[in-house]
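Everything on this sheet refers to the single structure shown next.
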């Protein structure tokens, strides 16, 4: 088996956090389970409220609802398997299961990059062209922008995953990570992967930089528009409408950049696992919290939804 092709065996082993003592693993399981449940509940509430409350049917909350759908999908791809490795020591993952996990990891990750850029464009139109905002961001346009945000994940995930899993695997079948991340799986390949690695680096830079440049361009114009607002109250109101998005963008890009763009000499597998937790587990939990605590419209909508739900329940009782 050591000299064979692991694709015929059909399984990999995720080392996850197996090097840690059982007590620490149990603590991590409870911590990640709590974060996972908060993530599902928080993003689920954002979806429910922005869909049910007529006051939140604006383009900004339409894109926020898309972001919450994306974060739930991202979490479902990574966290349940990680919890299984911690609690039940279920570290085996099939060849197809590993490929599927990597595919959807790329899909949701790339889609989030472009969706954050779309949300920045939405804020640019709202602040720089407020009178034309309802016309520019009409339902048809926002639907096209949402599709354009989700679509790039399909070709990137398809090419990267299909190409990587077409290589022969030999030697150990242990993936030194808590999910099937591309660099960790690539280490198990026993073939020349130089061309693939060049493609992966160039593709990653393009996927990160194109949305990042669009975001920077949008916020440069937003900043210029805010500076021209005469009153301090007006400037504060304009900035508050995009502060939550700025914080979410910062969390996403800082955590992913620290993971994938650090020098190899300082990027050990263990440190990469810790950094990967920031954008696979922590950031999806923080996004709905940031938008809820820093946005009065969402807080008020949550209050109206809860009061309405309690009122219906009391009527039934």
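Cβ coordinates are placed from backbone N, Cα and C, and glycine is handled just like the others.
Sequence annotations record features per position, and here TrEMBL assigns transmembrane segment to 27-51 (among others).
The domain 'G-protein coupled receptors family 1 profile' annotation in TrEMBL covers 42-291.
If you look up TrEMBL, you'll see 63-83 (among others) marked as transmembrane segment. With a cut-off of 8 Å between Cβ atoms, the residues of this chain six or more beyond the transmembrane segment (63-83) that come close are 14, 16, 29, 32-33, 36, 39-40, 43-44, 46-47, 50-51, 90, 93, 101, 104-105, 108-109, 111-112, 115-116, 118-119, 122, 142, 145-146, 149-150, 178-179, 248, 280-281, 284, 287-288, 291.
Residues or ranges marked as transmembrane segment in TrEMBL: 103-124 (among others).
TrEMBL lists 145-165 (among others) with the feature transmembrane segment.
Taken from TrEMBL, the feature transmembrane segment covers 198-217 (among others).
Residues or ranges marked as transmembrane segment in TrEMBL: 238-254 (among others). For the transmembrane segment (238-254), the list of distant contacts is 60, 67, 112-113, 116, 119-120, 123, 126-127, 208, 212, 215, 219, 222, 225-226, 229, 278-279, 283, 286-287, 290-291, 294-295: same-chain residues at least six beyond its ends, Cβ to Cβ under 8 Å.
The transmembrane segment annotation in TrEMBL covers 274-293 (among others). Using a Cβ-Cβ cut-off under 8 Å and counting only residues 6 or more beyond its ends in the same chain, the transmembrane segment (274-293) has close neighbours at 32, 35-36, 38-39, 42-43, 45-46, 64, 67-68, 71-72, 74-75, 78-79, 177-179, 181, 244, 247-248, 251-252, 255-256, 258-259, 299, 302.
Ranked by the number of CB pairs under 8 Å to the transmembrane segment (145-165), the listed stretches 27-51, 103-124, 198-217 are led by 103-124. Counting residues 6+ beyond its ends, the transmembrane segment (103-124) has Cβ neighbours under 8 Å at 59-60, 63-64, 66-67, 70-71, 73-74, 77-78, 137, 142, 145-146, 148-150, 152-154, 156-158, 160-161, 179-182, 207-208, 210-212, 214-215, 218-219, 221-222, 241-242, 245, 248-249, 252, 256 in the same chain.
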